[in-house]
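*Asks:* Structure below; questions to follow.
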Amino acid sequence: MSSESHDKVVAKAIRLPTENYSVEKEIGKGSFAVVYKGLSLRDGRNIAIKAVSRSKLKNKKLLENLEVEIAILKKIKHPHIVGLIDCERTSSDFYLIMEYCALGDLTFFIKKRKNLVLKHPLIKTVFEHYPPPSTEHNGLNRVLVVNYLQQLSSALKFLRSKNLVHRDIKPQNLLLCTPLLDYNDPKTFHELGFVGIYNLPILKIADFGFARFLPNTSLAETLCGSPLYMAPEILNYQKYNAKADLWSVGTVLYEMCCGRPPFKASNHLELFQKIKKANDEITVPSNCYIEPKLFNLIRGLLTFDPDSRMGFTDFFNNEVVTEDLTRYEQSYEPDLESKSKDVAESNMFVSEYLVKPLKQQESAHIPPTQTDENTSVQTGVRRTSGKERLATNHPPHQQIHPEDNSQNPEQSYQSASQKRLKSSYNDLILEKEYVVVEKKTVEVNSLADDFANNGPITNNQGAQVIKPLRYRTSSSSDASGGRRASLVERRLSISSLSPSNALSKALGLASVRLFGYQHNTKATSSPPQQTLLNPQIFQELTENAVLRADHKLNPFSEQMLDSNITPAVESLAAKAFVMYSFAEMKFSQILPTPPSSTDYDPLSDKRLSNGSCAIEDEEDLDQGRPPSNQTLTSATTKISSATNVDTQIPAPELKKLCTESLLLYLKALTILAASMKLTSKWWYENESKNCTLKLNILVQWIRDRFNECLDKAEFLRLKLHAINTSPNSQWSDDDPVIFVEKLIYDRALDISRNAARMEMESGNYNTCELAYATSLWMLEILLDENFQFNEVYDDEYASNITSLDESDKEMIKKYISSIANRLKALKSKMV
C-alpha cells in the first residue's frame, strides 16, 4: 500500500466526535497512544491529534495518568510547553488536540542530524549556521545547547510556580517547532513570551502523563519516567521531590553536549550502581570538549545526593541559563522565514525526510557484507522466504538492508566499520529495552497485585486461598543434609542413557513441574506439592490441540466470561512454560560450570557444551518436588560478574548461546504478556472483581515467570555486550543469523521425531503424549500473531519485526496436522 493510500485509510478510520478537525496521517506511536497529524477546519492550522484507546488503559493508574495529563494541560499555557487546544472523547477513545511540532523531538537533532541535513531545508540551514563542534560525536553547537537550555529552564520555572514536577524530562519529550510563524522579528518573539534566539526552532516540553502537583514540602515514591534520565533516588525506589527534574535536565544537557546520555546500563539497578560509583565525577568523552562553566552546571545538576544537588534558585540564576543571546539575533538568513513556512505548510513530518529503507527487490542485489546482520540477531526475525527461514540445511542468505537511523550517538553515521555498525544497533536496542520495564513490568505486577489483594478466595471445594505458587530454592530437608546444591552446582552426566530414556526423564521432569505427573517414581514420605496445572487440565489441553488441528475447535473468543477465561489462561501458561523451559535449557549452558561436566541434550539427541544442564538430577524427579530454581544473584545484585565472559566456552559459541537464550526469553515474555493482557481485559470488565483460586495462582505464576525472564534477558544482554566489546572479539560477515522461529521450529520437530521413536521402542506412552503436546504447542506459538515481539515492544522498532510468510505458515500447519494425528492415535492406544 502506498503512503498516500495509507493516509487515506487512516483518515477514514479515525472519526472524531465533532467536525472541527480532520485526521491526515500517523506521525508517532507509543505504548498507549498514537499521534496523528491533522488539520483544524476552523482556522486551517496544522494540529497534532493524540489518540488514546480506552482498551489500553485497563490499569487504573494508566487512566489516572491520562486524566492528570489532560487536567494539567488545560490549566497551563506557556510558549515553551506544548499546548492542549481541545479534548474530545468517545466511548472507545480519548482525542487530545494539541499544538503541532513539525520538527519532531530533540533526538532528531542529536541522533538523526547527519541524515536530516541532507534532505531537510530548514534543518540544513540551521546546522550550516551553527555547525556541530566535532564530526566524531553527535553533540550540538554551543549556541544551540544554551538556547534550548534556556527554553527548557523557562518552561520549568513556570511549572515550578505551579508546584508541578514533570518527572519524565528526556529528549523524546522535548519537541521542536518551526520558527517565524507568528512573528518575524526578535522584539515580537520576546513579547510573546519566548526566550532564546528568535530564528531557531523552538523547544517545547510535552507528555505530562507522569506529571503531578508536588508542593515544596512533598515527597513522592512512584517509580516513573525513563530510567536513562531518572534521578538516582527514583531508581533506588526512594522518596523524591521536584529536584528529580533537575537531574533529568542535567542528563539532557550532557546529551546535547556529548551526543549521548551520561550513564548507560541495561537495567535500572545497574544504572543506579554506575551513578553511585561515579561519586559525582562526571566524565566526558576524549573527543568532546565542554567549557568549564557549562561543565560545572552539568556537575551541579548531576549530583547524586538530592540534598546536595543544585536547587532551582541556583539553576534559574546560573550564568549559562541567564546568558544574553541577543548577539546571535543580529545575523539574518533571508530565506529562513520562507523555509520555515514551507516546512510548516508542507504535509511532511520530520521523519519523512529521513532516508527510507531499500525495497526488497533492491536488497536482493546487496552483497551480504553490506547488511547489518546484527539487526536480525537482535529481533530474531527478518523478511525472508519460507524456504530460507525454515530450511534445516540451508541458512538464509538475503535480507533487507535496514535504514540505519538508530546508531549510538558516540559513533559516526558514516563509519564503514561493520563492528561499529553492529555495536551501535545493539546499544540502541539495549536503550529501548528500558521501556519494557516501564511499559510492561509495572502493568504485569500491578494486575497480579490486584488479584493477590482481592481478599480471601475460595475454590469450588471451599478451600482457603493459599499464597501464590512459587518455586522454592530450599526445602526442609536441607537442614539435615546440609545446604542443598543449587541447580548451577549440580550436574548429571547422562551420556549412557538412550535417547528414549533421556527424553523420558526430561519430559517427566517438565510434567512434574507443570502438571503434577509423576511416572515410575520411588515411594516417598514428602507431602504432595500443589502444581500449577493438573493431569486433567493437561488432557483437556492436548485434546483441544488435536481439535484445533482438525479445525473442530476455534481459538478462544473475546467473550471474557468467568467460565472461559481460566481455560484460556491455562493454555497460554502451558505454552509460556514450554518456551521458558527451552530458554532455561540454553541459559544453563552459559553459566560457569565444572570443567569435568559432560552433558547431553535429551530432546535433540545431541551432546551439549560443557555447562549444559538439560535435565536435573533424579532426586528432584523422584521426590516429586518442584526443582530448585536458578538464582540470579550475579545478574541482579552483582551485575559486574555478568561482564566476565565464561572462558570455558569459545567466544563464538558463547555468543551464539547468549543470543539464542535471549531470543527465547523474549519470546516467552511475549506469551506471558499476551496472557496478562487477556486476563487484564477480563478483570477490568468484571464488575464483581472476584476470581477463582485457580486463576489467582495462574496470575501469580505468570507474574513470577515474567519477572524472572526479564531479569535473565537483562543478564544476557550484559553478557553479549561483554563479548562484543572484548578485545578478542572478532566479527565476521559469515556469522550465522539466528531466527527465534527457526529455533522453535527445529526444536519442535526434534521432540516430535524422538517421541515417535520412543513410542515404537519403549512404549512409554505418557511421556510420548507430553512430547507430542509440547511439539504442538511450540508450533502453535509460531502461528499465533499475538506472540510476536511487538506484544512487548510497542515502539518503532517493532515495525521491523514481521510474522511468518504464507509458505512458512502452510508448512507449519502440515506438521501440526501430522503430529496431531500421531497424538490422536496414541491416545487411542492409552484408552
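Every residue number used here counts from 1 along the chain in the order it is shown.
A Cβ is built for glycine as well, from the same backbone N, Cα and C atoms used for every other residue.
Not my notes, these are from Swiss-Prot:
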ACT_SITE  Asp168  active site, proton acceptor
BINDING   Ile27, Gly28, Lys29, Gly30, Ser31, Phe32, Ala33, Val34, Val35, Lys50  ATP binding site
COMPBIAS  360-382  compositional bias 'Polar residues'
COMPBIAS  405-419  compositional bias 'Polar residues'
DOMAIN    21-321  domain 'Protein kinase'
REGION    360-419  region 'Disordered'
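Any idea what these are sitting next to in the structure?
*Replies:* When other Cβ atoms within 10 Å of the Cβ of Asp168 (active site, proton acceptor) are tallied across all protein chains shown, the result is 23.
Secondary structure at Ile27 (ATP binding site), taken from DSSP and collapsed to helix, strand or coil, is strand. Every protein chain shown contributes to the tally, and the Cβ of Ile27 (ATP binding site) ends up with 21 other Cβ atoms within 10 Å.
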*Asks:* Can you give the mean pLDDT for the domain 'Protein kinase' (21-321), rounded to a whole number?
*Replies:* 88
*Asks:* Does DSSP give Ala33 (ATP binding site) helix, strand or coil?
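*Replies:* Strand, per DSSP.
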*Asks:* I want to check the contact list for Val35 (ATP binding site): same chain, sequence separation of six or more, C-beta distance under 8 angstroms. What comes out?
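*Replies:* Looking at Cβ-Cβ distances below 8 Å from Val35 (ATP binding site), excluding near sequence neighbours, one finds Glu26, Ile27, Gly28, Lys29, Ala48, Ile49, Lys50, Ala51.
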*Asks:* From the Cα of Ala33 (ATP binding site) across to the Cα of Asp168 (active site, proton acceptor), what is the distance in angstrom?
*Replies:* 16
*Asks:* Including all protein chains shown, what's the count of other C-beta atoms within 10 A of the C-beta of Lys29 (ATP binding site)?
*Replies:* 16
